[in-house]
Amino acid sequence: MKLCDLAGEFETGPDGAHIDITGLTSDSRRVEPGFLFAALAGTKANGESFLADAERRGAAALLVSKEATIDSRLPLVRVDDPRRALSLMATRFYGRQPGCVVAVTGTSGKTSIAAFTRQIWAAAGLAAASIGTTGVVSPGRNDYGTLTTPEPVALAKLMAELADEGVTHASMEASSHGLDQRRLDGIRLSAAGFINLGRDHMDYHPTVEDYFRAKMRLFDTLLPKGAPAVIFADDEWSARAADAARQAGADVRLVGRAGDFLVLKRLEHERHRQIAEIEAAGQIHRIVLPLAGEFQMANALVAAGLAISTGVEPAIALRALEGLRGAPGRLELAGTTREGVPVFVDYAHKPEALENVLQSVRPFTTGRVIAVFGCGGDRDTGKRPIMGEIASRLSDVVIVTDDNPRSEVPATIRAAILAAAPGAREIADRREAIATAIAMAEAGDTVIVAGKGHENGQTIAGETFPFSDHEEVRRAIADKESA
Ligand SMILES: CC(=O)N[C@H]1[C@@H](OP(=O)(O)OP(=O)(O)OC[C@H]2O[C@@H](n3ccc(=O)[nH]c3=O)[C@H](O)[C@@H]2O)O[C@H](CO)[C@@H](O)[C@@H]1O[C@H](C)C(=O)N[C@@H](C)C(=O)N[C@H](CCC(=O)O)C(=O)O
Ligand SMILES: Nc1ncnc2c1ncn2[C@@H]1O[C@H](COP(=O)(O)OP(=O)(O)OP(=O)(O)O)[C@@H](O)[C@H]1O
Ligand SMILES: N[C@H](CCC[C@H](N)C(=O)O)C(=O)O
Ligand SMILES: [Mg+2]
């Protein structure tokens, strides 16, 4: 593609306008001959330090900030916001996107909502995909993922591939990092969703306000004016999110007990399912959601709201809730012991998520709630004691173990949690911690293994070892039975 076509509204200068660009990247190590290299200011480095490296590898043009002092003979595209420009150029380069893309933000529930929206569309006969923390799922794929919101170039390429594979509807997660770093600025959105705001990523965002503002970019910058914004109505931050979306000119649709678009009239919990009465356009629909946890009902309502807002009949969308499968590792029943103790694997790795999950199992637990969890290294340290306090308040037995210590000393992470969790046991080895919880469980108890959900590895000191909470649960149950 010619540089001037790729640059679109951004100026290229006369010399380079007609050179051919063969690809684009923001990582100089991935530059190939003919590529445009985007120099981005990062958290650890500045891409401007790698211009020479990019040039050596064959870069044909550079995307740089207006203020940068550049010593290069290559054609330059100078812009105010290189990250945004890179996203816009990447989608121009790859061309196609599914005709209908929705994005959802919030602290907890994004993966579940993206997966549910895909399932509702599929139930309505549409070729649908979801993109997020657990990877990419579509009629033709089930790819494991690493980031919640992929990098802009990878995302643009993926969207084009999905469109080529016949996918017409895609739901994606918009993480605060993704929004802040403009990863999805090139995506054409048909609707957007908001679920909640809690404590997360305080290592990256200086304040909660900054975190909230990053999330609101979805409505005030990315969502086209007049497009539907589906907002969960029952969170502490709902009113502010709705205001922000309304001010940005979105068509706000509230879902939940305090909703106006989908109103949750009644909810009854059974062991592994819930029965709900939902009002849509003046009609009451009685549905059975085959998932435990009130938070899943909230997620299901946002997903149904997004599906309805993109053309699915309300009756069809709400009926589809009866066939929903939870996203992998989200309050997922990983096994049941011979005594009938359910063992759930859950991805709660932040305070509100842990609180929700522990509260969710209480109604059907006649004995003890046994919780096994830890916290990841190189992430927000402030959440550790908060999670320790929540676990000891809401469970009867707490076992503190390792999550992904990454580069940190694991014992230091555990100590920070234990300081706020009096009476908790400390078992560093995650396999042993899971086995201990399952071995001690008696009839009436519930075991929750939290923090890693769908993950298939444990990262310790820069190395990732194969590890699956699901497999460990199965192994521990089998060992208990044969003992
Ligand atoms: C903290 C964070 O978000 N970092 C992201 C950020 O990196 P950065 O800009 O800070 O990178 P940097 O190391 O300072 O380097 C600056 C620039 O120099 C470039 N560089 C660097 C070295 C070199 O030799 N040549 C070169 O060109 C880098 O490619 C980069 O463009 O921008 C990069 C490009 O977009 C991202 O890859 C990177 O995500 C890293 C991989 C990451 O781990 N991010 C996590 C924390 C994340 O994004 N998580 C969210 C939320 C998770 C959730 O809550 O679910 C997600 O969406 O997954
Ligand atoms: N609506 C919700 N409210 C509170 N907690 C929730 C909600 N939905 C899910 N959770 C909890 O958060 C965990 C993660 O859920 P999910 O993966 O759907 O959220 P996410 O926003 O994608 O999280 P992440 O940013 O970590 O990818 C679940 O395992 C559950 O413990
Ligand atoms: N996307 C999240 C995942 C955390 C998962 C948890 N197991 C941990 O390692 O902290 C993050 O990178 O902060
Ligand atoms: Mg997610």
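Backbone N, Cα and C atoms are what each Cβ position is placed from, and that goes for glycine too.
Curation plays no part in TrEMBL annotations; they are all automatic predictions.
The ATP binding site annotation in TrEMBL covers GLY106, THR107, SER108, GLY109, LYS110, THR111, SER112. Taken from TrEMBL, the feature meso-2,6-diaminopimelate binding site applies to ARG379, ASP403, ASN404, PRO405, ARG406, GLY451, GLU455. According to TrEMBL, the feature domain 'Mur ligase N-terminal catalytic' maps to 21-94. Under the heading domain 'Mur ligase central', TrEMBL lists 104-307. The domain 'Mur ligase C-terminal' feature in TrEMBL is assigned to 329-453. For LYS215, the entry in TrEMBL reads N6-carboxylysine. Positions annotated as motif 'Meso-diaminopimelate recognition motif' by TrEMBL: 403-406.
Recorded features from TrEMBL, shown on the structure.
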| residue | record | Cβ contacts under 8 Å, 6 or more apart |
| --- | --- | --- |
| GLY106 | ATP binding site | ILE113, GLY193, PHE194, ILE195, ASN196, LEU197, LYS215, PHE232 |
| LYS110 | ATP binding site | VAL104, GLY132, THR133, THR148, GLU173, ALA174, SER175, ILE195 |
| SER112 | ATP binding site | GLN296, ASN299, ALA303, GLY326, ALA327, ARG330 |
| ASN404 | meso-2,6-diaminopimelate binding site | GLY376, GLY377, LYS452, GLU455, GLN458, THR459, ILE460 |
| PRO405 | meso-2,6-diaminopimelate binding site | GLY376, GLY377, ILE413, THR459, ILE460, ALA461 |
| ARG406 | meso-2,6-diaminopimelate binding site | GLY376, GLY377, ASP378, ARG379, THR459, ILE460, ALA461, GLY462 |
| GLY451 | meso-2,6-diaminopimelate binding site | ASP346, TYR347, ALA348, HIS349, PHE373, GLY374, CYS375, GLY376, ASP403 |
_Other same-chain residues whose Cβ falls within 8 Å of the Cβ centroid of ARG379, ASP403, ASN404, PRO405, ARG406, GLY451, GLU455, the recorded meso-2,6-diaminopimelate site, in sequence order_ = HIS349, GLY374, CYS375, GLY376, GLY377, ASP402, LYS452, GLN458, THR459
*Residues near the ATP site, GLY106, THR107, SER108, GLY109, LYS110, THR111, SER112 excluded, by Cβ within 8 Å of the Cβ center?*
VAL104, ILE113, GLU173, ILE195, ASN196, ASN299
*Sorted by position, what residues of the same chain at least six away from SER108 (ATP binding site) have a C-beta under 8 A from it?*
ILE195, ASN196, GLY198, PHE295, ALA348, LYS350, GLU352, ALA353, ASN356
*Relative to ligand 4, which of the binding-site residues SER108, GLY109, THR111, ARG379, ASN404 have a Cβ found under 6 Å from one of its atoms?*
THR111
*Provide the three-state DSSP residue tally for the domain 'Mur ligase N-terminal catalytic' (21-94): helix first, then strand, then coil.*
26 helix, 18 strand, 30 coil
*When neighbour density is defined as the number of other C-beta atoms within 10 angstroms of a residue's C-beta, which of the binding-site residues THR107, THR111 has the lowest density?*
THR107
*With an 8 Å cut-off on Cβ-Cβ distance and a minimum sequence separation of at least 6, pull the same-chain contacts of GLY109 (ATP binding site), or say none.*
ILE195, ASN196, PHE295, ALA298, ASN299, VAL302
*asked:* Please give me the CB contact count at 10 A for ARG379 (meso-2,6-diaminopimelate binding site), counting all chains in the structure.
replied: 21
*Counting by DSSP, what is the helix, strand and coil composition of the motif 'Meso-diaminopimelate recognition motif' (403-406)?*
0 helix, 1 strand, 3 coil
*Local confidence of the domain 'Mur ligase central' (104-307) - pLDDT mean*: 95
*Determine the binding-site residues, out of THR107, GLY109, LYS110, ARG379, ARG406, lying near ligand 3 in the sense that the CB is under 6 Å from one of its atoms, and give them in sequence order.*
ARG379
